[in-house]
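A.B. asks: Below you'll find the structure I mean.
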Amino acid sequence: MSQKPFRVIIVGGSVTGLTLAHSLHRIGVDYIILEKRAKVVVQEGASIGILPNGARVLDQLGLYNTIEQSAAPPESSHIHFPDGFHFISPYPKRMFESFGYPIAFLERRRLLEILYDTLPDKTKLKVNKTVSDIEQYPEGGKYNARVRTIDGDVYEGDLVVGADGVHSRTRREMWRLSGSSPTGDVPVSERNSTSVEYCCVFGISQGLSGLRVGQQVMRIYNGRTLLVVPSKDELVFWFLSQKLDRKYEYSNAPRFTLEDAAAQCLQVADAPIADGIQFQDIWKTRQAFNMVSLEENLFKTWSFGPIVCIGDSMHKMTINFGQGANCAIEDVAVLSNLINELLLENKGMKPTFRDIEVLLRRFNRMHLSRVSDIFNMSWLVARVHAQDGLLRKIIGRYVMPYLGGRFDSRPFRMIADAAALDFLPLPRSSFPGWKMYKSREGGVVRNVFFLLAATVIVAWVCRLWA
């Protein structure tokens, strides 16, 4: 009997899942995508920001030019505080000059459309396929795993990748299988570690002239942050994040209606955005909007047997730092590199169950610290923007405006340290930031400078308030 080809089952036609499909195609790996919805491309009122670390991988896959044409990158950020102070940060422009990729804001729907339209074989994507259960076969067989959907269909493969978001069914099945194995089981404390402290109203408006493309506006309040990003064709992307009354567990996180969202937005209706324009003018021209809880968590255990979860199913962040999708794209790069390496080492022989298990543990081990750094920065940025606590209020109001580019070095270093596909050329690698900000001993000196400067400013502010 001839050997079946190595096959990956991707659960979720998300940005993460579709990017993985493109990457697997580049290394000649067979795959199938199971999407629970009837359509991949849907309007949910959401936008997405592609930063240089995500952009570079998408560029390697030949997808970025279309994305770039669909976006109007911001050049500056105008940041306003409750006491009337404001400053202009050239952070977006510096990012572009450093890495060759701007912050590309576009509709999430448009990004999904690009990823779907460019799939080499759309028959590999199956819609209306909700996963019911997953089984594994460690004792050998044609394939390592079998995925069954609620309509009774069965799909077999050697590796199952959960790219199905924060409410991941793949993750639950992985936990179920792990719990029945003497070598597995994820601690209950880890399973229940997702929490919610913030919510967000996000939306898209169109048809309002008078906003300058490239000039994003952030208004910082106590416990609340409003971000407005004007784009091309008079599109405006906006976000209103709010600290909740308490910290919730994932299982009892609040759910919101459109009426709840409208009530939140009306509270900042008179917020000035540009000359003669208030947020209520943006609200009146809304096309779509929604309100959701912002889950936060970084799971430590990403795989069991031939099953692995990536993206929001393993690391869910708030929106403020903008790295959620970009971090997921990095997951794709690291996992694809390891799969390609294993296939080359096996020289045509199909990897065994044990091979896949070892590969996934290695993926978890080598990538977790990188994701942890991004997650921790995202956690901090959300709370600085919300002025959550005295120290974080001081950092946002008195440190960030005065340290300028020094404050940019840490997020820039995170971008420079990003994973990329090691089997495809690196475009735009000549831009200075990829080498200048890459972690090295000099980075310690920069951190010491930043901490000393921040300490001096904090001490000065505390003296004023004393």
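Cβ coordinates are placed from backbone N, Cα and C, and glycine is handled just like the others.
Quick paste of what Swiss-Prot says about this protein:
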- 1-23: signal peptide (SIGNAL)
- GLU35, GLY49, ARG108, ASP312, ALA325: FAD binding site (BINDING)
- ASN128: N-linked glycosylation site (CARBOHYD)
- ASN192: N-linked glycosylation site (CARBOHYD)
- ASN376: N-linked glycosylation site (CARBOHYD)
- 443-465: transmembrane segment (TRANSMEM)
A.B. asks: Compare the Cα of ASN128 (N-linked glycosylation site) against each of the binding-site residues GLY49, ASP312, ALA325 and report the nearest.
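C.D. replies: Comparing Cα positions, the candidate nearest ASN128 (N-linked glycosylation site) turns out to be ASP312.
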A.B. asks: For ALA325 (FAD binding site), what residues in its own chain, 6 or more apart in sequence, show a Cβ-Cβ distance under 8 Å?
C.D. replies: VAL15, THR16, ILE48, GLY49, ILE50, GLY54
A.B. asks: Would you mind reading off the Cα separation of ASN192 (N-linked glycosylation site) from ARG108 (FAD binding site), to the nearest angstrom?
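C.D. replies: Here the two Cα atoms lie 29 Å apart.
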A.B. asks: Using DSSP and three states only, what is GLY49 (FAD binding site)?
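C.D. replies: Looking at the DSSP assignment, GLY49 (FAD binding site) belongs to a strand.
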A.B. asks: Measure between the Cα atoms of every pair in GLU35, GLY49, ARG108, ASP312, ALA325, the residues the record assigns to FAD, and report the largest value in Å, rounded to a whole number.
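C.D. replies: Of all Cα pairs among the recorded FAD binders, the widest measures 23 Å.
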A.B. asks: What whole-number Å value do you get for the CA-CA distance of GLU35 (FAD binding site) and ASN376 (N-linked glycosylation site)?
C.D. replies: 30
A.B. asks: Cα-Cα, whole number of Å: ASP312 (FAD binding site) versus ASN376 (N-linked glycosylation site)?
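C.D. replies: Cα to Cα, ASP312 (FAD binding site) and ASN376 (N-linked glycosylation site) are separated by 15 Å.
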A.B. asks: Cα-Cα, whole number of Å: ARG108 (FAD binding site) versus ASN376 (N-linked glycosylation site)?
C.D. replies: 24
A.B. asks: Using a Cβ-Cβ cut-off under 8 angstroms and a sequence gap of six or more, which residues of the chain neighbour ASN376 (N-linked glycosylation site)?
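C.D. replies: When sequence neighbours closer than 6 are ignored, ASN376 (N-linked glycosylation site) has nothing within Cβ distance under 8 Å.
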